[in-house]
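Asks: After the structure tokens below, expect a handful of questions from me.
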Amino acid sequence: MAHANEKEIDTRTEEEKAIDAWLPITSDRNAKWWYSTFHNVTAMVGAGVLSLPYAMSEMGWGPGITVMLLSWAITFYTIWQMVEMHEMVPGKRFDRYHELGQHAFGEKLGLWIVVPQQIVVDVSSCIIYMVTGGKSLKKFHETVCPDCQPIKLTYFIIIFSSVHFVLSHLPNFNSISLVSLAAAVMSLTYSTVAWACSIGRGIEGREVSYELRGEKTSDNVFMFLSALGDVAFAYAGHNVVLEIQATIPSTSEKPSKDPMWKGVWVAYLIVAVCYLPVAFIGYWAFGNVVEDNILLSLEKPMWIIAAANLFVVVHVIGSYQVFAMPMFDMIETYAVKSMRLKPSTLLRFSVRTTFVAFTLFVGMTIPFFGGLMGFFGGFALAPTSYYLPCIIWLIIVKPKRFGFSWFMNWFCIIVGILLTVLSPIGGLWTLIKQAKNYRFYQ
């Protein structure tokens, strides 16, 4: 397989080189392999991990374990595909997801297939993280000061957003590496707190029911579909994989896929350590009465729960930045290449401040936006993580028909399409229920 050697083959004009040196994805290619580890962990382990016990309670033991393990295996396979395809064309690096899509589907069709999905994933994830950060700050406040006067969730979302009005002006992925590292460490920490405290709750010997949550069969069906979307949301971090790999140096002798793959291996081990114990032990301890955020079910020890909520805040700060960076790159690329605006600090400041303000506004206006995790998990994150890489692989690599690779890809495509079609139905059902029950003075 051929690889790009940037020093030997570079057909860009001086203007294109200057623009690439300014844009956030391509401006710095000096990342180490471990950068990809914590960027991928930060991108994947986010708001979804704490809802996994709840998803298990909507599916039950058998289907829940199957869906969790199958999702891990499928997304591990598809992220390997994306790492491999980053430099499949000699002299070319597909630094962005839509560039790979354009190579597979054509210049215009590739944009229309990939870009709308990528925008939906990145923007919705940032809004969800904005709301999650605010909720975790609110929970921390209520835990450490239970007698204090209640404060609206809206104010906590504003407090959380203030960090991003500063961090969002860091220029590229490598500049947020410390933020991403802190987020990855926090994800492992609060996940450990969640399952360890659940063990303490479980060994108390209280009676636990593992019956499905719904009172009616129809409720159980919709809950199951919603749970599929929640799991898809939890496992979907592929939206930023190529953008992360773009920050790693590459030559024909040492292609970027080698350090990137090493980082992905470690990242997926961490994902398994975070996800599987939280999902299985949390459900074992609380059964069908577990909250949609496992930390809400853990009432004591109070200081650990308070600390865990702060850990969540630190982590979703990093997650927001990792998902926002491709959006910054996309908007800034359009501004300088299509609108012919001059690359400048003012342009970058305007773009990023406006984006943070937009996600803050939506988060404040629809504070139950997190209920859309199931919808967006199936509608947008499942395609970009579960089966779009497989479709591109079939087009570019052309594996032997009826061979193992051919069957593997079609299996992932079928599973992914089922997720895309079915889980948004349950996600919308969940959102409608939450919207009816939500009190805006909270």
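Using N, Cα and C of the backbone, Cβ positions are placed for all residues, glycine too.
Residues or ranges marked as domain 'Amino acid transporter transmembrane' by TrEMBL: 30-426. Among the features that TrEMBL reports, transmembrane segment is placed at 33-54, 61-80, 109-132, 153-170, 176-197, 264-286, 302-328, 349-369, 375-396, 408-432.
In the displayed structure, how are the listed features positioned relative to their neighbours?
Replies: Below 8 angstroms of C-beta separation, residues 68, 79, 125, 128-129, 132, 173-174, 177, 180-181, 183-185, 187-188, 190-191, 194, 198, 227, 230-231, 233-237, 239-241, 244-245, 247-248, 258-260, 262-264, 266-268, 270-271, 274-275, 278-279, 282-283, 286, 290-295, 297, 312, 315-316, 318-319, 322-323, 370, 373, 377 of the same chain, each at least six residues beyond the ends of the transmembrane segment (33-54), sit close to that stretch.
If one looks beyond the transmembrane segment (109-132) by at least 6 residues along the same chain, the residues whose Cβ comes under 8 Å of a Cβ in the stretch are 46-47, 97-98, 100-103, 157, 160-161, 164, 236, 239, 312, 316, 319-320, 323-324, 326-327, 330, 355, 359-360, 362-363, 367-370, 372-373, 376, 379-381, 383-384, 388.
Nonlocal intrachain contacts for the transmembrane segment (176-197), taken as residues 6+ away from its ends with a CB within less than 8 angstroms of a stretch CB, comprise 31, 35, 37-39, 41-42, 45-46, 49-50, 167, 170, 270, 273-275, 277-278, 281-282, 294-295, 298, 301, 304-305, 307-309, 311-312, 314-319, 321-322, 325.
Cβ atoms under 8 Å from those of the transmembrane segment (264-286) belong to residues 34, 36-38, 40-41, 44-45, 49-50, 52-53, 55-57, 61, 64-65, 68-69, 72, 76, 79-80, 83, 184, 187-188, 191-192, 194-195, 198-199, 201-202, 208, 210, 234-235, 294, 297 of the same chain, restricted to positions at least 6 beyond its ends.
Outside the transmembrane segment (375-396) by six or more residues, the chain places 48, 71, 74-75, 78-79, 81-82, 85, 88, 97, 100-101, 103-105, 113-114, 117-118, 120-121, 124-125, 128, 228-239, 405-406, 408-410, 412-413, 415-417, 419-424, 427-428, 430-431 with a CB less than 8 A from a CB of the stretch.
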Asks: How about long-range neighbours of the transmembrane segment (302-328): same chain, 6 or more residues beyond its ends, C-beta under 8 Å?
Replies: 24-25, 39, 42-43, 45-47, 50, 96-97, 118-119, 121-123, 125-126, 129-130, 132-133, 136-137, 139-140, 143-144, 160, 163-164, 167-168, 170, 172-173, 176, 179-180, 182-184, 186-187, 189-190, 193-194, 197, 239-240, 243, 295, 348, 351-352, 355-356
Asks: Cβ pairs under 8 Å with the transmembrane segment (349-369): which stretch of 61-80, 153-170, 408-432 has the most?
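Replies: Most contacts with the transmembrane segment (349-369): 153-170.
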Asks: Do any residues, 6 or more residues outside the transmembrane segment (61-80), come within under 8 Å Cβ-to-Cβ of it, and if so which ones?
Replies: 40, 52, 55, 210, 224, 227-228, 231-232, 234-238, 241, 261, 264, 268, 271-272, 275-276, 279-280, 283, 385-387, 389-390, 408, 412, 415-416
Asks: Can you name the far-off residues of the same chain, 6+ from the ends of the transmembrane segment (153-170), with a Cβ under 8 Å from a Cβ of it?
Replies: 130-131, 133-135, 137-138, 141, 176, 179, 313, 317, 320-321, 324, 328, 348-349, 352-353, 355-356, 359-360, 363-364, 367, 442
